[in-house]
Amino acid sequence: MKENEQHLLKGEEGEEGHGRYHHGFNSAQMQSLASVCEAVFPSLPMDSTDGEEEKSNKVLQLFLNASASQPPIPDEVAETVVKRVFRELVIMAKIILQMLSSRLGTLLLCGSLCLSEKWPYINNFSGMSLERREKFLQRWNKHWFLSPIRAVFVILRICCLYVFFSRFGEDGDNLAWEAIGYQVDCDESQVSKGRPLQKGIIETMHGNDSTLLHSLTQKGLEVTQDPVQNLYKIKCDAVIVGSGCGGGVAAAVLARSGQKVIVLEKGGYFAPADYSLFEGPSMDQLYEAGGILPSYDGKMMILAGSTVGGGSAVNWSACIKTPKSVLQEWAEDCKISIFGSPEYDLAMDIVCERIGVTENCAEEGFQNQVLRKGCENLGLEVERVPRNSSESHYCGSCGFGCRRGDKKGTDCTWLVDAVDHGAVIITGCKAERFMLETNKKGRTRKKKCLGVVAKVLNNNVTHKLQIEAKVTISACGALQTPPLMKSSGLKNQNIGKNLHLHPVLMTWGYFPDSNSELKGKSYDGGIITSVHKVLSKNLDVKAIIETPALGPAQFSAICPWTSALDTKRRMLKYARTAHMITIIKDRGSGEVRSEGRVTYKLDAADKENIEAGMRQALRILVAAGAVEVGTHRSDGQGIKCKGIDGKQLEEFLDNVSAVGGPMSHDENWVIYTSAHQMGSCRMGINEKEGAVDENGESWEAEGLFVCDASVLPSAVGVNPMITIQSTAYCLSKRIAESLRGK
């Protein structure tokens, strides 16, 4: 087992006791937190399932007996909160838990629920009965007046369930998984061997200053040591920050053109055999903020890749070309000519060929069967989704990295090309700022970029890297590029703004195993192989409907919590609950204010479109044969399908709406999700319209380019991988041309 494989597969964190934890919660706060965890997910009697399962089922009994208050789960929840949640919310959580440890504080928050007829007459939260603690959480779930306090309990609940369903022991199992019908595919026969980027990789997390210096020189880099400033100074032709859909393509194009390229990646490098099938460590190692990255108001949960290959290593393989209507908008309305050119059309073809896009799917998984069947029964059009994998690729865990090596992300395509042409990829290395100086008089741009200063995330490496280059490219994504630009002193008003997220709301339908027409489990098969477009009367696309990948932890965290019993019943239906995602081309936008600080707001048209998509998705689920359907609204909005007619269904659908988030002043709320981020350093015809020009070059700094999703002028409206890579291809070809002769 390789060293980085051990790091990824580590799943027993916390088993060794309190010495492993650094959350800073005191004993009183931990006692309150354990009591909250128990109220969220307690031990329940065997008759709780209403006969849905056999009472003699020992697996079911273990699941019902399980409680989230069992050590070390509360400590792991506290650790997750501190590691992943905004500092202000962590402080508020500690204050609230401290209040709940005292009788007076509990009285203020719980009211009459904490009163008792016996001494001491007022109980603290831990002293309250389980039933009363659950009622307390139910009240705060609806409490709109003090929504920040509600948000604290929401995040504690999310982290509690996420930890419970993602953790596993030395045997690689979780006692709940068998009960809910979840199996981890441990078949090693189809795992792709080899490390295709090994000859170009420098993994900084496994060494010290001297080993790093040795690795840099061994790769043929020109390195000088500056002991005064504690720097390793490196020279190259092009330095690229980020290795995803933008950075990977740019690295290949520039390296092929004869340039010496260095790629900086703050994440790690994992070859197919290194990937884990386990949800917890995979999310922790492969995603920004471990897959728990909320917007500042808690309304949006954002998924963004953070590993070699970026989003392309963990996305769901959908390869949809940029819609013609979007290209027309960008070329004509935004006046970015590249999007109306044959150059861009050719780039899309080149990209699709390089990443092995196929048009058909040999066998669809359970959720896509549901989508297709529902559409066909309603007479709706459903289209195949091209994928960057073989037609026979039947893998529902590509969100954790593709162990079969069938999915062709940049880590096994473009970056391989780059390394084959001499590029070096430095992992575990985070860019801190671009090196800018005042430009020569007479130049168009006031500043000139000389390279980048980066910090190795391994504490055993004390030297920073100062990489000097002819061109510097930021390709660290729409969430990371703006903070890097700002920290470097750039002031363009568009940096960080115009952020589009393709906001998603989900709907679900339950299909018992007795429905034999639809085969498989919710986590089986290709993740996105079908799509339905929701059209307006004018035949404009209002939304698209696809299917997601949801491991048990993600499923438990995003589903509404109305009671402990309801949550356990929902989880017992996990394997046969099909989800539909409604994605819109958002007109509203947000802002990346600083690293990890994202604000976002839908506009009225966005809400209308997402509501239309959700209602259509529910019709599709019913038509496919679901016995129950619903949304993720906090009150558990749903309807039993047996015996309902069209009128009753439409009455239910009339109440389906795009409500606000947990910080809103609404009794009922919902958490939106986003897996696509774009537009936060958009192209513009001048510096008032964009942060970069149509060549991707900063309006403020000569030699500084942006080559990722942040340059897109607006939302794409479909899965954006092909758009990002095609844009990056065009921009990097132009950069390569500009470097000739320098």
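Cβ from N, Cα, C; glycine included.
Bear in mind that TrEMBL entries carry predicted annotations, made automatically and left uncurated.
Here is what TrEMBL records for this protein:
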ACT_SITE  H676  active site, proton acceptor
BINDING   236-251  FAD binding site
COMPBIAS  1-19  compositional bias 'Basic and acidic residues'
DOMAIN    283-504  domain 'Glucose-methanol-choline oxidoreductase N-terminal'
DOMAIN    597-728  domain 'Glucose-methanol-choline oxidoreductase C-terminal'
REGION    1-23  region 'Disordered'
Cβ distance under 8 Å to G246 (FAD binding site), same chain, sequence separation 6 or more: which residues? A475, G477, C707, D708, A709, I724, Q725, T727, A728
Here are the binding-site residues: C236, A238, I240, A250. Which has the lowest count of other Cβ atoms within 10 Å? C236
To the nearest whole angstrom, what is the C-alpha distance linking G242 (FAD binding site) and H676 (active site, proton acceptor)? 16
Taking DSSP helix as H, G and I and strand as E and B, the domain 'Glucose-methanol-choline oxidoreductase C-terminal' (597-728) has 41 helix, 25 strand, 66 coil
With Cβ-Cβ distance below 8 Å and at least 6 positions apart along the chain, what are the contacts of G244 (FAD binding site)? List them in sequence order. G305, G309, G310, G311, S312, A313, T410, A475, C476, G477, D708, I724
Proximal residue to H676 (active site, proton acceptor) among binding-site residues C236, A238, I240, G248, A250 (C-alpha distance): G248
List every residue in the same chain as G248 (FAD binding site), at least 6 positions away in sequence, whose Cβ is under 8 Å from its Cβ. G309, G310, S312, G409, T410, D411, T413, W414, L415, A418, Q725
When a 10 Å sphere is centred on the Cβ of G242 (FAD binding site), how many other Cβ atoms does it contain? 29
In all the protein chains shown, the tally of other Cβ atoms within 10 Å of the Cβ of H676 (active site, proton acceptor) is 27
When pLDDT is averaged across the domain 'Glucose-methanol-choline oxidoreductase C-terminal' (597-728), the result is 97
